[in-house]
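Trainee: Straight out of TrEMBL:
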| type | residues | note |
| --- | --- | --- |
| COMPBIAS | 383-392 | compositional bias 'Basic and acidic residues' |
| REGION | 372-392 | region 'Disordered' |
| TRANSMEM | 12-45 | transmembrane segment |
| TRANSMEM | 57-86 | transmembrane segment |
| TRANSMEM | 141-163 | transmembrane segment |
| TRANSMEM | 201-222 | transmembrane segment |
| TRANSMEM | 228-247 | transmembrane segment |
| TRANSMEM | 259-287 | transmembrane segment |
| TRANSMEM | 307-336 | transmembrane segment |
Amino acid sequence: MTTDFEKRIRLLWLALGLVCALILFYSVYTFIGTFVFGVFIYYAVRPIYRRLNVRIASPTLAAFLSMFLLVLPALLIVVVTLGIAVEELLRFVRNSDLEGLEAALSPYVNDIVSNVGLDAIMSGNIDTLTLQQVLAIVTQLVSFVGLGVLHLFIMLALAFYLLRDGSRLSALCLRCVPHETFEAYGRAVDKDLKNVYFGNIANAVFTGTIGAITYTTLNFFAPVGAAIPYPALLGLLTGVASLIPVVGMKLVYFPVAAYMAGLLVVSGQVGALWFVVAFALLSLIVVDTIPDVVLRPFVSGGTLHSGTLMLTYIFGSLLFGWYGIFLAPLLLVVVVEFVRIPLPTLYASWGDRVGDGQTTLADTNWRAHSRDVTVESTDGGQEDGHADDPSH
């Protein structure tokens, strides 16, 4: 028989657990975008990690190499693109007559210089107000860059430790809730998230291929002096940028379109601006919209309905902002698998007695069934329910 003292101790432990849960929830909610992006990186890298962990004895080294192998190609593409952009900009400045452009931009530049106080700094007449303005701008810039680096570090650190210690976390959860329904629910959520998030990587590859083919083909119809610069590289860069929520590929083809239009205006080829318009429209429709709305749900779907997943991607960004493209599918998976696995068990438990190990109304012998059935994994090999155990 439970005494009043034992009940008070139990309530105390429950209250402490609730406080810990609220602290954890607040921490995750504060960095929800960073947290979700880190989970996405984890699922994107996990197939590589599993293959390396078979050949490398150290899980830490395998996790580090997996992260490096995923980030390196994207980093190389970005670095090469930035190098080419700087080279093209310097060539443009050397070979173009910028007197008209200088006259047009001069008033705006003078306003910026006067507002920031650069003229006072250059002349040596620095007063307290000017110094405060400059320090405020520098502080904001450093704070912005530092915050971005911090978020990037949290993403990579979360993905790294999930790769290395995911099996321990999975075992801990199963020890805390040792129930077959919970285990089946966790496995189903893990499998669906793997399909969805790894599908984003596949979508980036397809998008980069579509972009490279589209821009290379479009260059055959380009007027003299209006060709798309480095079309194949530009297409690959759109694939990398497709991993960035909401703005994504627009960060690539909007500046390129502006650059091409500026070259044509400065060189007096205003009649060739139709090609820039065609480039922008094809980028928006063929390279951006079609892969993101149509292709992404099909390569990410797995057991999820492709139409539902497509609507999730569309409304996720509208509801949650930049991280909605990763958070909305996660919420969809959690809800769908809850309806599919735990809910029927709960419903049945309100009526007839539920058999030991039952997880759904349609499956009354899950204990035996889960030991025999293996699911073919989309990243090669088989999954036998130990989703985070590198030894499987």
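For all residues, glycine too, the Cβ spot is worked out from N, Cα and C.
TrEMBL annotations: computationally assigned, not manually curated.
Give me the lay of the land around each of these features.
Mentor: The list of residues near the transmembrane segment (12-45) in space but at least 6 beyond its ends in sequence, with Cβ under 8 angstroms from a Cβ of it, reads 66-67, 70, 151, 154-159, 162-163, 166, 193-194, 196-198, 200-201, 321-323, 326-327, 330.
Within its own chain, the transmembrane segment (141-163) is flanked in space by residues 31, 33-35, 37-39, 41-42, 45-46, 49, 59, 62-64, 66-67, 169, 388, which lie at least six positions past its ends and keep a Cβ under 8 Å from the stretch.
Using a Cβ-Cβ cut-off under 8 Å and counting only residues 6 or more beyond its ends in the same chain, the transmembrane segment (201-222) has close neighbours at 44, 228, 231-232, 234-240, 242-243, 249, 275, 278-279, 282-283, 286-287, 290-292, 295-296, 299-300.
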Trainee: Could you tell me what the rest of the chain brings near the transmembrane segment (228-247), counting residues at least six beyond its ends with Cβ under 8 Å?
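Mentor: Contacts of the transmembrane segment (228-247) (Cβ under 8 Å, skipping residues fewer than 6 from its ends): 74, 77-78, 80-81, 84, 88, 200-201, 203-216, 218-219, 222, 253, 256, 259-260, 279, 283, 287-288, 291-292, 317, 321-326.
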